Structures are given as structure tokens and as C-alpha cells.
Amino acid sequence: MSLKIFEIDGTLRGCEGQIWDRVNGYRWWKNELSEKEGGMEKFAEGYKIFGFNKTEGGYIYREWLPNAKQVFLIGEFNGWNNSLPLENEGFGRWKVFLKDKEDGSPFILHKTQLKVRVEANDGSWHDRVPAWTKVAWQDHSTNLFNGVFWEPPQEEQYSFKHARPEKPANLKIYEAHVGMGSVEPKVATYVEFADNVLPRIKRMGYNAVQLMAVAEHAHYGCFGYHVTSFFAPASRSGTPEELKYLVDTAHGLGIHVLMDLVHAHASSNTLDGIAQMDGTDHCYTHGGPKGHHSEWDSKIFNYLKYEVLRFLLSNVKWWLEEYKFDGFRFDGITSMLYHSHGIGKGYTGGYHEYFGPDADIDSHIYLMLSNDLIHTVVPSAITVAEDVSGMPTIGLPVEWGGFGFDYRLAMAIPDMFIKLLKEVGDDGWDMGHICFTLTNRRHMEKVVAYAESHDQAIVGDKTIAFWLMDAAMYTDMSIVQNPHHTMPVDRGLALHKMIRLLVQGLGGEGYLNFMGNEFGHPEWVDFPRAENGWSHQHCRRRFDLPDDDLLRYKFFQNFDELMNALENRFQYLSSSHQYVTLKHGEDKVIVFERGDLLFIFNFHPCNSYEGYQLGCCWNEPMRCVLDTDEGRFGGHQRLEYGHGNPFPA
């Protein structure tokens with residue numbers, strides 16, 4: 001049966017009775033783009049068509065506004081009046097040629113602020129930030145954002161110096177927010193992050209940094225998840241050239257740079273973003289209730305519209321090509337996979353939950369196309385899916401009929417540990433349940449395991465360190481004032497180390513840590529808002545705490561650094577050999593083999609064991625290479641180490 005497609009208002013749809021599954025849909029799009037656009041890679045260069053582009057004798061500005069009646073380019077260059085109209089090219093495209101001045105300089109100067117003014121077909125007028133703008137700046141007199149004509153002279157353009165690092169087999173991600181990356185209560189810059197935080201990440205043994213809130217977002221407190229300008233880097237932290245410096249600096253340190261990509265939805269902010277770009281509610285997004293995410297108060301893309309697909313795929317290629325990002329963490333995948341957005345649903349693993357009528361095939365096809373494009377443009381790229389539902393084939397290649405992601409996030413793991421710490425006493429931990437949750441992943445689909453991420457650090461929730469030590473994090477961390485061990489800190493420090501090592505050793509093929517959690521950051525994340533007096537006090541990272549030799553925070557960080565050093569040496573994350581030898585409920589003991597190492601955990605709150613018999617696959621003498629109870633990690637140093645310890649103090 002052949003697939004027939006027809007178009008209504010720019011939306012491609014399958015004819016009634018015809019097959020439109022995700023594999024056939026993906027193949028149809030690939031063929032369509034090959035025939036009509038010269039291939040998907042060329043199609044994904046919409047930024048060479050839309051926005052401002054240099055041409056002979058000037059610039060062409062082009063915008064897609066399918067329901068516009070009149071369009072004008074307004075800005076500082078013409079007093080924000082309607083003196084510069086755009087002409088209708090058809091198919092929703094509007095353009096204007098901006099002839100260079102007689103001296104050869106652009107008609108619009110570098111850093112000029114501007115907008116596009118639209119009269120919709122219903123006669124209403126709207127001022128919009130250009131959808132393809134490379135930079136957007138906030139006007140602090142109105143608090144609204146304007147697009148910026150960003151064309152720096154050649155001598156001011158950043159030139160990359162370092163090649164991309166090779167794709168790591170043992171992925172260890174440091175999740176970070178640039179604006180929070182300062183000890184001082186302020187918005188940190190790209191340059192400060194590059195110079196101060198990246199060397200820490202390198203020293204700690206991570207080989208990738210995942211940057212949150214990269215794309216411009218009008219509301220700082222949204223953590224970057226309500227994007228308003230998809231092609232513009234967040235201006236609060238600096239310029240495009242400074243972001244390029246950050247990425248290049250990371251590459252020089254051998255660190256991959258992943259971007260938190262938000263294509264599951266767009267900000268509903270019509271004044272600063274692309275929602276209702278042409279005055280209707282169905283330009284880039286679905287119209288009506290289908291286009292509104294009830295829990296996020298945001299707008300849902302229409303992934304079947306030709307120009308929407310161009311916009312999103314071009315956005316992917318833009319960040320890869322222009323800024324040299326090495327891949328993406330796709331945010332909110334669960335919302336994309338289902339018409340219900342997963343709201344109010346619990347997923348048990350039954351295939352009917354994934355492949356029934358709730359499956360949003362249009363989104364599935366987009367994700368396949370996007371992953372195909374990413375790995376074609378940058379073969380070493382890494383893509384990670386944030387999906388809480390457990391959708392099968394998320395982590396399988398597109399060629400196999402999968403979605404094409406390299407990894408999926410193991411989101412059940414942090415939920416399990418928070419539930420244990422919140423609701424269950426130490427003697428009630430179920431070793432079998434812990435092991436099951438850590439190893440419960442789909443065959444041949446790699447996962448990134450983590451004990452906690454930014455989700456657990458946000459105000460209203462608690463990090464693992466906070467659940468473990470609570471107020472003692474403020475009163476008992478001084479070695480001078482409290483030279484002796486205290487129970488809250490002893491217990492908290494021990495479990496914090498054990499949980500992280502257990503997750504890294506058994507939880508997946510990759511590992512993730514959110515900035516600051518490696519040293520048990522004592523404060524939550526609370527962005528500036530009216531309720532806290534617009535304070536940055538809790539929107540920063542206290543890197544000074546583990547660097548203070550008189551505070552016990554150093555023990556958390558020391559262990560994290562040596563744990564990653566252990567993994568870098570033995571690379572057990574990339575090993576296919578993983579076998580749980582023992583999960584003893586009464587003794588609270590977990591033993592497993594991973595790679596060339598045998599991991600032994602005693603979670604019993606009271607009992608220690610000697611002469612404990614274990615089975616393993618090796619028949620030769622063994623030596624301890626890492627012990628969470630070592631003195632340099634704040635432990636009691638119960639074991640004696642010989643000269644064979646590969647990580648001496």
C-alpha cells in the first residue's frame with residue numbers, strides 16, 4: 001500500500017485509510033526532502049533563508065507569517081515606525097531587501113534592536129521578536145525583549161581553536177546552569193563559567209558538560225524551559241562570541257558540550273516569543289486546546305507543518321554548526337510521545353500504553369528525523385532522551401526503527417532514592433528492589449543513571465544531602481568547631497557516597513551529576529522572584545565550601561573525584577559484563593560485578609561483617625581499590641591498605 005499525502009493550511013496529513021506509522025512517515029519525509037529540498041541537511045539550513053542573511057549589495061530579511069496581511073520591519077534604525085514594509089512572496093513568506101549604504105556599511109548597524117510588526121488577517125496588530133533572531137535583548141524600560149541585528153565585524157568574530165573530542169564510551173555528564181555557576185549571588189557569565197567552572201569539571205573526572213538554559217528565555221526562573229528565541233543564546237550570560245569561547249574552552253579540555261534542547265513546547269509568551277507569531281494561535285503551534293500544555297502553560301509545536309519542521313531541524317543544526325555543540329539532551333520527551341502528554345498516566349510497561357491511540361506519531365517522526373540529522377552532521381554527537389514513560393526503542397538506531405537516541409535518562413532511580421530517604425528507615429531498605437530499579441532497563445538501550453539532578457535541587461524539594469543531614473549541614477560541617485564525628489553527618493556522608501557509587505556502578509552505561517551535588521551543596525535552587533525579593537542568594541553554587549579545608553564538604557568532593565578516577569581507569573560504564581551476585585535483604589548487602597571490578601556494599605545501619613563469603617567469576621587474589629570509609633573521604637578508616645592501592649592519599 002502506498003502512502004498518499006495532501007496538504008491543508010501547510011499541514012501534511014495521510015489520506016484516510018492509508019498507513020501513517022512512524023517508520024513509514026520518517027521514510028516519506030526523507031524522500032520528500034530529498035526530492036524537494038536537496039536532502040534533509042540542506043533543508044535544515046533555514047537560517048540561510050530566514051532571518052537576516054548577507055547577499056550581494058546588502059541583506060535580505062525574511063519571515064514566515066502565513067496569516068499576515070501586512071508586515072513591517074521596525075526598530076531603532078527607523079524610530080520604530082512603519083516605514084519599511086515587507087513584500088509577500090507567497091507560501092507565507094515575507095521579505096525585504098536592505099541595501100547597504102554608499103560607504104558599504106549595512107543599512108542596519110550591528111547591535112541594532114528591532115522587531116517585526118504584523119497586521120493579521122483579522123485586522124489586529126502585533127509587534128513580534130523575529131523568530132530566527134540570533135540575539136535578543138531585554139529592554140529594561142519595558143521588560144520586553146527585542147530582536148538584535150547581530151553581525152559583528154570580522155575581527156570581533158570568535159574563531160574556534162580546538163577540535164571536538166572523540167565520543168566517550170564511558171559518558172559522565174556534569175549538568176550545569178551557566179547563570180548559577182558563581183559563588184557570588186549574581187548571574188554568572190559564559191566567560192566566568194569557562195574560566196572557573198570548566199577546570200573543576202575536568203579535575204573532577206567528568207567528560208561531558210550538559211548546559212541548561214542556553215536558548216533565550218524571557219523568564220529567568222523557568223530554568224530555560226520556556227524558550228522565547230530558539231536561535232539566540234541567553235543574553236543574561238553574555239554574547240554569542242562568549243558562548244563560543246565557552247564551548248571551545250571545553251573542547252580544549254577534552255570535554256563534550258551537550259545542550260538542553262527544548263523542542264517539546266514553546267513559551268506561551270506572545271510578546272517575547274514565537275507563540276502567535278502571525279497573530280493566530282496556529283502559526284508554529286497547534287491551534288486551540290491541542291496547542292496548549294495545561295500543566296506547563298506553554299504551546300505545542302505542530303510537527304507536521306513544513307515550515308515548522310524546517311524551523312526545528314534548522315535549530316538543531318544551528319547549534320551544532322554555529323556553536324559546535326556536541327549533542328543534546330532532549331527535554332520533555334514524554335510530552336511529545338503522547339497526545340495526552342503523559343498527564344495523569346502511569347506506565348507499567350505494557351506495549352498497549354506506548355503504541356495505542358495515545359501515541360503522537362507526528363512527534364515520533366520528528367524525533368527520528370532530528371536524531372538522523374544530528375548524527376549525520378556530527379557523527380560523534382550524543383543525544384539523550386528525557387522520558388519518564390519507558391517508551392520502547394527510544395535508545396535504538398533509526399535504521400532499526402528506533403528513535404535514534406544514544407541514551408535515555410534512568411528517571412526512576414532518583415525517585416526511588418528520594419522515596420526511601422523520605423518514607424523508609426535505614427533498616428527498611430529493600431536490597432532487591434534497589435537492584436531491580438537500578439538494572440531495569442530495556443535490552444540494548446543505553447541509559448544515563450543518576451542519583452539526583454536539578455529536579456531534586458529546586459525549591460520545594462530536597463537534595464539527597466539535605467534529606468540525609470538536614471540542619472546538620474549548617475551546624476556540624478566545621479572540622480574546627482566539631483572535630484569529632486557526629487551521627488547525622490557520619491550517616492549522611494556515608495550514604496551519600498555509597499548511593500552515588502552504587503548508581504554509577506550498577507545503574508547504566510552513563511552517569512550524571514548536577515552541579516554542586518558532588519559536594520553535598522547545602523542550599524536549594526530558588527531563582528530570583530518577587531517572593532524572595534528578587535534575590536540571587538539561592539541561585540548560585542557555593543564552590544567555596546569544598547575548597548575550604550576546614551569544612552567536611554571537602555570529603556564529599558574528594559570521594560566524587562576519586563570515584564570518577566576509578567571509572568576513568570577501569571571504564572566499567574562501557575563494560576557489558578554486569579552481574580548481581582548478592583542482594584541480601586536481612587544483611588543489607590549488595591554485591592555485583594561490573595567490568596573488571598567487584599562492588600560490595602553494606603547498607604546495614606548497625607552490623608559490620610568479617611569473613612563474609614561471596615561468589616564471583618574471578619579465581620585470583622583481589623585488592624581493594626576504593627573504600628567509601630577511607631579517612632580522606634571523612635570515613636573511619638577501618639581497613640588497612642597495602643602498597644597495591646592504585647589511588648593512594
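For all residues, glycine too, the Cβ spot is worked out from N, Cα and C.
Copied from TrEMBL, the annotated features are:
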- 19-77: domain 'PWWP' (DOMAIN)
- Asp331: active site, nucleophile (ACT_SITE)
- Glu386: active site, proton donor (ACT_SITE)
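Shown in sequence order, Tyr225, Asp260, Leu261, Val262, His263, Ala264, Glu386 are the residues of the chain, 6+ apart in sequence, with a C-beta less than 8 angstroms from the C-beta of Asp331 (active site, nucleophile). Residue counts for the domain 'PWWP' (19-77) under DSSP (helix as H, G, I; strand as E, B; rest coil) come to 25 helix, 20 strand, 14 coil. Residues belonging to the domain 'PWWP' (19-77) score a mean pLDDT of 95 in the model.
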